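**Student:** Have a look at the structure that comes next, please.
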Amino acid sequence: MKTRFNTYDIICMVAELQRLVGMRVNQVYDIDNKTYVIRFQRSEEKVVLLLESGNRFHTTQFEWPKNVAPSGFTMKLRKHLKNKRLESISQLGVDRIVALQFGSGEAAYHVVLELYDRGNIVLTDYEWTILNVLRPHVEGDKIRFAVKEKYPLDRAKTDYSAPNEEVLKEILSKSKPGDNLKKTLNPNLEFGAAVIDHVLLENGLTGNMKVNKEQGFLVDRDLDKLVKALKQAEHMLDSAKNTVAKVSNLTDIITAVELETFDRAVDEFFSALEGQKIDMKTVQMEREAMKKLQNVRKDHDKRVTELSRVQQDDRKKAELISRNETLVEHARMAIQTALANQMSWDNIGLLIKTAQDNKDPIASVIKQLKLNTNHITLLLSDPYDDQSDDDEDDDDKLDLKPMLVDIDLSLTAFANARRYYDQKRNAAKKQQKTIESADKALKSAERKTKQTLKEVQTISSISKARKTYWFEKFYWFISSDNYLVIAGRDQQQNEVLVKRHLRAGDLYVHADLSGASSVLVKAAGRAQPPPRTLAEAGQAAVGYSVAWEAKVLTRAWWVQAHQVSKSAPTGEYLTTGSFMIRGKKNYLLPDHLQFGFSFMFRLEDSCIERHRDERRAVAPEDASDVISDVTSAQDQDEEILVSDDDEPSDTEDSKKINRLESITEETTQIKIEDAPESEKESREETAGEAESSDDDSDSGVLHTHIKVDHGTGEVFTESKTRTISEMSDTSEDKFTFPALPKMTKKPQKREKKVPEPKEPKKEEKKETLKRGQRGKLKKIQKKYKNQDDEDRAVMMDMLQSSKESKESKKAQKKAAAKPSKSKAGQARAQRIPQPAPLLLEADSEEEIDPEIEQVEGADAAGADTDVELLAQLTGCPCAEDELLFAVPVVAPYSALVNYKYKVKLTPGTSKRGKAAKTAVQVFLRDKCGSARERDLLKAVKEENIARNFPGKVKLSAPQLHKHKK
C-alpha cells in the first residue's frame, strides 16, 4: 500500500495548493514528532495544511488529535511564521522536496519539506540559512543539516525527461538476472513507480516482466513500446504542472469513491488509514483494560482459595496434635531437657540422629529443629486411621494423611492445638470479609476499567470537522421569531460587526451602558422584527455588558441601520468600536437577566421541511397570547428549579436594584425654561412630572451615563447638559419610560394638569412652582432676558412635535408609568406584563449613511440565504430526523422555551467551564434523548461549549441536585 508521495503526486499537489497563496498563518500545531499542521486564514476562509516529514502534504477537513504541549520545533515555527503571508509554494527542481515561502524580502522565511528517505522539515531565513531542523544529520561527507548552515539548493534534481533508446539499452544491460522491468527502471528515472506501472500497462507491458527473458521483456522486441511509454510519462508530468486534477478514484482503503480533487482524495485516504491505526490501538488498549479486570477477578479467586486451603491445613494440624498429644508432649519435653542441660544445638541434632538410628519412636517423628525460633517440626499421622467412624458425616470427615506440623516448645500440646484452631478461625473470618468485599472490589475495578475505556475512546480520534457558520465567531442566537441576532465579543468585533454585517433593514441594539456589546438583528430584506425579538435582543445587549457581573437591571435601545455611522463630527474622532447614532433612539423596557443554554442540531436537508415553521413570527394581535404563554412556562419551570448555593441573598440584590432605581430617578430631573406656562406644564407631563435639580450650567436636558465598576459592582453616574439645539433629537426619547419605581414606598399620585390657552398670572405661576424650581427659574430668566418673543417661538417650535404625536406619547407614557406595588424583596422576581418595546417616531429628519445605501440592493438575496441557513438548525429534534452535528447556543431564556435541551443561566459565582460541563451532563442524562443526540453532544469540543456564556453564572435546571450527586 502506497503511503509516500512520488514526484507525480508532488507536482499535482503543488499545482492544486496554489490557491493557498496569499493566505496568512493563523497557528501551527504538531500531531506527532513527524506531522505538523499549519492553519491558514483569509477573511472568512480557513484552510488547514498538513505536513508529514518523508510522506505527504495536503489540506485536511478532519480534526486531527494535537499534542497538548507543543514541541520546541512547533514553537520555533510559530515564532517565525505566525501572521505571515504564504507567498509561494513550489517544488525544488523535480526532486521530492517542497518549499513554502512565508513573507517577502528580508522578512521572508522558508519551510522545506523533504519527502524522500527518512524525510525532514527545515526552517530557513530569507538567505536559506537554517534556523531549525527537525532531523539534524550529515548527508555524505560535506552536506550538514544543522542550525546556521546553508540549505543546499543545488543538490535537487532538475530534469525528468524520458531517456532515449541508447540510454535505455545501457540501463537494461546493467540489470541483474531475475530483475523485473520496474525494478530496473525505477532507480534511474524520476517518474516514480506508480507512473511507470501506469504507462507500461497503457502500452501493453507490465512492471513484473523479467528483463531479457523470452517470456518477459526483450530489448529487440519491446524497446519501442518502452520508449513510447516513458514519453507518455513525461507528458503526464508536464500537464500536471499546469492543470489541477479534478477527479480521483480512491480504492485502497475505502470503498471506491469519486472525489472532486486529488487533494480531497489524499485527505480521505490518509484519514481513513490513520483511523484504522487508531482503531487498532484502541482495540489493543481495550484488551489491556479488560485483561486487568480479569486479573483482578483471578487474584480475588486465588485469595479466597488460598484462605480455604489454610483453614483446612490448620484444622488438620490441630486434629493431628490432639490425636498425638502424648507423643507431641514427650518430643517437646525431650528437646527442652537437652536445652536445659546446656547441650549445643549441634549435639542435640546428633543425639536425635542416634536415637532415630536406634528406632526410637519419639526421635523418629522429629524431622527438623528450628531452635532459632524455639520450634521443632514433627511428622504426625492419625493413630486411629484404621478405625472407621460410621457416625461421622462425609462432609465433616478429614483426610488426615501424615503431615509436618510445627510445634512451639514454649506451649503444651493442647496449647499448640488451640493455636492452630485459632489460626483456622482467623482465616475463616478473613475469607468471609474477602467474599463480602468481593462485589465492592470488583465493581471498583469495573468502574476503573470503564473509565479507562472511555479515556481510550477520547484520547485519539479523527473526525471530520464540521463547517462552522459565519456568525459563530460572534455572540449569537436565533430569536423566537426566527431572526438571527449577533453581538460583538469586544470592541474590535463590534467594529467588524457594524462595518461588514450591518445592512439596510437591520436593527442596531445597544445597552444604556458604556462598553457594552453592539447587537445586530439581521432583518435586511424582511419585515420589521416583532416586539418579542426586539425584547430578546435588548436582553442580550444588557447581558453582554457589565450589568451581568454587577447584577443590576438597566434598559437598552435600538435604532435603524441608517442611523449608525462611523463618521465623526468635524474636529472629532471615534475610537475602535464606537459609532455615531443620529436621530431618535427607541428605548426598550428593562427585563430580567435570565439567559439559557441549549444545543441546536443541524438537520439533513431532507428533514428541514418538517421544522420549517417551528420559529415563525407572531402576528401583533397574537403577541400578547404568546408572551403570556412564555411567561407562564417560565413560571412553571422556575417552580421546580433547583439552584446552587453560590448566589448572593435577595437582600443584597434588592439593595443594588434600589441603588440603580434611585440613580435612574435622579436622571429624570429636567430644567424649567422660560417659556409660556402652558408649554411648561405640557413638558412637565411629558417628563412624568419629575422634579428638576439646581444647576449652574446652560439650560437644556441632563444626559446621564450609568457606569458600573467591573471589580466592585458599584454604580456611578456621570451627567452632562445637552443644549437646546440638541433637544430636538434627544429630549423626548430620554423620558419615554418613567424611572424604575422605588419599592420602599408608593409614589405620590399627581393630578393631570390641563394646559390653558391663556397665559396664567404670575401669582398663579408662583403657586404651581415646586421646591427647587424657583431658583432654577431665576437663572433661566437671567440667561434669556435678551431673548424676544420671535426667538423664543422659534426655539419652542424646535422642541415641540405635532399635537397628535404628543398625545400618543402621553398615552403610552401613562400606560408605562403605572407604579408597581411589589415590595423591595420582590424586585428581582418582578415580571413586566408587556415586554414589547415602545416605538418612538423621530422628530427630525435623519441622515442616511451612504455606505448602507450601497448594499441595499443585495438585501433580498441575503435575507433568503439567512432564512435558509437558519432553517437547517433546530432545537426540537424529532425521532425520525437525521442529525449531522450539534451547535451550542446561549440566548435569552424566552427564546429557548420550546427547545428540547435547556438550562437557565442567571448571574452567579460558578465559572463558565464548570457550569457548561454540568449542563452537558444534565442533557446526557435526559431519558428523552436519543443515542444519536447524545453522541453529537459528546462530540462538541469543550472549548466551544462555554465561550458564549456572559460571565460567571448560576445554573438552574429541574432536579439539578440529583445530577450533581
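Backbone N, Cα and C define each Cβ position, glycine as well.
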**Student:** Looking at 223-250, 475-502, 503-530, 895-922, I want to know which stretch TrEMBL calls coiled coil.
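**Tutor:** The range carrying the coiled coil annotation in TrEMBL is 223-250.
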**Student:** From the ranges 141-175, 421-455, grab the one TrEMBL calls coiled coil.
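**Tutor:** From TrEMBL, the annotated coiled coil range turns out to be 421-455.
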**Student:** Quick one: average pLDDT across the coiled coil (421-455), no decimals.
**Tutor:** 82
**Student:** Using DSSP, break the compositional bias 'Basic residues' (771-784) down into helix, strand and coil residues and give each count.
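**Tutor:** Result for the compositional bias 'Basic residues' (771-784), in helix, strand, coil order: 11 helix, 0 strand, 3 coil.
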**Student:** For the domain 'NFACT protein C-terminal' (865-955), what are the DSSP-based totals of helix, strand and coil residues?
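**Tutor:** Result for the domain 'NFACT protein C-terminal' (865-955), in helix, strand, coil order: 37 helix, 24 strand, 30 coil.
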